[in-house]
Amino acid sequence: MKQHINKPTFKVGIGYDVHKFDNIEYDATNTFITICGIKINHHKKIVAHSDGDVGLHALTDAILGAVGCGSIGQHFPNTDNKWKDAKSDYFLIEAKNKAQEKGYYISNADIIIICEQPKIMPHALKMQEYIANLIKIDTSCINVKATTTEKLGFLGRKEGIAAQAIVLCCLQN
(Lines of atoms letter the chains of each structure in order from A and count residues from 1; the text may use other names and numbers.)
(Lines give C-alpha, C1' and ligand atoms only; values in the text may rest on other atoms or scores of the structure.)
Protein backbone atom coordinates (compact mmCIF):
# COMPACT_ATOMS: atom_id res chain seq x y z
CA MET A 1 0.00 0.00 0.00
CA LYS A 2 1.33 3.41 -0.97
CA GLN A 3 1.99 5.71 1.97
CA HIS A 4 1.18 9.42 1.91
CA ILE A 5 4.30 11.56 1.93
CA ASN A 6 2.35 14.15 3.90
CA LYS A 7 -0.49 13.53 6.32
CA PRO A 8 -3.86 14.84 5.14
CA THR A 9 -4.54 18.31 6.52
CA PHE A 10 -8.17 17.51 7.28
CA LYS A 11 -9.91 14.31 8.33
CA VAL A 12 -13.66 13.82 8.78
CA GLY A 13 -15.34 11.18 10.93
CA ILE A 14 -18.94 10.10 11.40
CA GLY A 15 -20.33 8.41 14.50
CA TYR A 16 -23.64 6.84 15.41
CA ASP A 17 -25.09 5.36 18.58
CA VAL A 18 -28.47 4.12 19.71
CA HIS A 19 -29.83 2.82 23.01
CA LYS A 20 -33.23 1.56 24.01
CA PHE A 21 -35.25 2.74 26.96
CA ASP A 22 -36.34 0.23 29.58
CA ASN A 23 -40.04 -0.63 29.90
CA ILE A 24 -40.51 0.72 33.41
CA GLU A 25 -42.27 4.02 34.09
CA TYR A 26 -40.43 6.12 36.68
CA ASP A 27 -41.16 9.39 38.41
CA ALA A 28 -39.47 11.83 36.02
CA THR A 29 -38.67 14.21 38.88
CA ASN A 30 -36.30 11.60 40.36
CA THR A 31 -35.08 9.83 37.20
CA PHE A 32 -32.69 11.13 34.57
CA ILE A 33 -30.73 10.14 31.51
CA THR A 34 -27.38 11.61 30.51
CA ILE A 35 -27.06 13.10 27.04
CA CYS A 36 -23.91 14.93 25.93
CA GLY A 37 -22.81 14.93 29.57
CA ILE A 38 -25.95 16.68 30.85
CA LYS A 39 -28.49 14.98 33.11
CA ILE A 40 -32.05 15.36 31.85
CA ASN A 41 -35.12 14.29 33.79
CA HIS A 42 -37.00 11.53 31.99
CA HIS A 43 -39.57 8.89 32.92
CA LYS A 44 -37.51 6.08 31.34
CA LYS A 45 -33.94 4.88 31.88
CA ILE A 46 -31.49 4.02 29.13
CA VAL A 47 -30.46 0.37 28.83
CA ALA A 48 -26.69 0.32 28.30
CA HIS A 49 -23.46 -1.27 29.46
CA SER A 50 -21.90 2.12 30.23
CA ASP A 51 -23.81 5.29 31.13
CA GLY A 52 -25.63 5.16 27.76
CA ASP A 53 -24.78 8.72 26.67
CA VAL A 54 -25.62 8.44 22.96
CA GLY A 55 -24.29 11.93 22.19
CA LEU A 56 -20.84 11.36 23.64
CA HIS A 57 -20.73 7.82 22.22
CA ALA A 58 -21.45 9.09 18.69
CA LEU A 59 -18.87 11.87 19.05
CA THR A 60 -16.25 9.45 20.40
CA ASP A 61 -16.90 7.13 17.46
CA ALA A 62 -16.61 10.02 14.98
CA ILE A 63 -13.25 11.14 16.39
CA LEU A 64 -11.83 7.62 16.41
CA GLY A 65 -13.00 7.11 12.83
CA ALA A 66 -11.60 10.42 11.62
CA VAL A 67 -8.07 9.59 12.74
CA GLY A 68 -8.19 5.94 11.70
CA CYS A 69 -8.37 4.44 15.18
CA GLY A 70 -11.32 2.12 14.68
CA SER A 71 -14.52 2.43 16.67
CA ILE A 72 -15.78 2.96 20.20
CA GLY A 73 -16.73 -0.73 20.32
CA GLN A 74 -13.14 -1.77 19.64
CA HIS A 75 -11.69 0.44 22.38
CA PHE A 76 -14.45 0.12 24.97
CA PRO A 77 -16.31 -3.15 24.24
CA ASN A 78 -19.61 -3.73 26.00
CA THR A 79 -18.44 -7.29 26.65
CA ASP A 80 -15.74 -6.04 29.03
CA ASN A 81 -16.87 -5.48 32.64
CA LYS A 82 -14.15 -2.84 32.95
CA TRP A 83 -16.55 -0.47 31.13
CA LYS A 84 -19.70 -1.42 33.09
CA ASP A 85 -21.42 1.83 34.15
CA ALA A 86 -18.43 3.84 32.86
CA LYS A 87 -18.86 7.57 32.29
CA SER A 88 -18.70 8.45 28.62
CA ASP A 89 -16.52 11.45 29.44
CA TYR A 90 -13.61 9.03 29.71
CA PHE A 91 -14.30 7.58 26.25
CA LEU A 92 -14.39 11.05 24.68
CA ILE A 93 -11.19 12.21 26.36
CA GLU A 94 -9.42 9.02 25.26
CA ALA A 95 -10.58 9.57 21.66
CA LYS A 96 -9.33 13.17 21.77
CA ASN A 97 -5.98 11.94 23.13
CA LYS A 98 -5.71 9.36 20.33
CA ALA A 99 -6.34 12.10 17.77
CA GLN A 100 -3.58 14.19 19.34
CA GLU A 101 -1.20 11.22 19.33
CA LYS A 102 -1.83 10.95 15.57
CA GLY A 103 -1.04 14.66 15.19
CA TYR A 104 -4.60 16.00 14.92
CA TYR A 105 -6.80 18.34 16.91
CA ILE A 106 -10.59 18.54 16.89
CA SER A 107 -11.65 21.54 14.85
CA ASN A 108 -15.41 21.25 15.19
CA ALA A 109 -18.23 18.77 15.75
CA ASP A 110 -21.92 18.63 14.96
CA ILE A 111 -24.12 16.25 16.95
CA ILE A 112 -27.77 15.46 16.36
CA ILE A 113 -29.87 13.69 18.99
CA ILE A 114 -32.82 11.78 17.55
CA CYS A 115 -35.79 11.09 19.84
CA GLU A 116 -39.39 12.01 20.54
CA GLN A 117 -38.69 12.49 24.27
CA PRO A 118 -37.11 14.00 26.23
CA LYS A 119 -36.91 17.41 24.59
CA ILE A 120 -33.24 18.11 23.89
CA MET A 121 -33.10 21.71 22.66
CA PRO A 122 -33.69 23.34 26.07
CA HIS A 123 -30.40 21.67 27.12
CA ALA A 124 -28.40 22.09 23.89
CA LEU A 125 -26.30 25.08 24.98
CA LYS A 126 -25.32 23.37 28.25
CA MET A 127 -24.39 20.27 26.26
CA GLN A 128 -22.22 22.30 23.90
CA GLU A 129 -20.48 23.99 26.80
CA TYR A 130 -19.95 20.67 28.58
CA ILE A 131 -18.38 19.00 25.55
CA ALA A 132 -16.23 22.02 24.68
CA ASN A 133 -14.91 22.17 28.24
CA LEU A 134 -14.26 18.43 28.30
CA ILE A 135 -12.18 18.39 25.11
CA LYS A 136 -10.74 21.89 25.59
CA ILE A 137 -12.05 23.69 22.52
CA ASP A 138 -14.14 26.81 22.01
CA THR A 139 -17.87 26.37 22.58
CA SER A 140 -18.55 27.81 19.11
CA CYS A 141 -16.86 24.71 17.65
CA ILE A 142 -19.48 22.33 19.08
CA ASN A 143 -23.07 22.17 17.87
CA VAL A 144 -25.83 20.06 19.40
CA LYS A 145 -29.25 19.86 17.80
CA ALA A 146 -32.22 17.54 17.91
CA THR A 147 -34.85 16.05 15.66
CA THR A 148 -37.57 13.43 15.76
CA THR A 149 -38.53 10.69 13.33
CA GLU A 150 -42.06 12.10 13.02
CA LYS A 151 -43.29 9.23 15.19
CA LEU A 152 -41.91 6.59 12.78
CA GLY A 153 -40.03 3.45 13.86
CA PHE A 154 -38.72 2.51 17.29
CA LEU A 155 -37.56 6.08 17.97
CA GLY A 156 -40.99 7.40 17.01
CA ARG A 157 -42.60 4.92 19.38
CA LYS A 158 -40.39 6.35 22.16
CA GLU A 159 -38.58 3.03 22.61
CA GLY A 160 -35.11 4.55 22.47
CA ILE A 161 -32.78 7.39 21.61
CA ALA A 162 -30.10 7.79 18.95
CA ALA A 163 -27.35 10.23 18.00
CA GLN A 164 -25.19 10.98 15.00
CA ALA A 165 -22.04 13.05 15.03
CA ILE A 166 -19.66 14.40 12.45
CA VAL A 167 -16.27 15.79 13.35
CA LEU A 168 -13.50 17.62 11.52
CA CYS A 169 -9.98 16.94 12.73
CA CYS A 170 -7.12 19.14 11.52
CA LEU A 171 -3.40 18.47 11.34
CA GLN A 172 -1.49 20.19 14.14
CA ASN A 173 1.20 22.65 13.04
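Quick reminder: no glycine exception, Cβ is built from N, Cα and C everywhere.
Keep in mind that this is a model prediction, so the values were computed, not measured.
Of the residues HIS43, HIS49, HIS57, Swiss-Prot puts just one in the divalent metal cation site with ASP17, HIS19: HIS57. DSSP classifies HIS57 (divalent metal cation binding site) as helix under the three-state reduction. Those same-chain residues not listed among ASP17, HIS19, HIS57 yet with C-beta within 8 angstroms of the centroid of the divalent metal cation site C-beta atoms are VAL18, ALA48, GLY52, ASP53, VAL54, GLY55, ALA58, ILE161, ALA162, ALA163.
Each residue contributes its Cα atom, and for PRO77 (4-CDP-2-C-methyl-D-erythritol 2-phosphate binding site) and HIS49 (site 'Transition state stabilizer') these two points are 9 Å apart.
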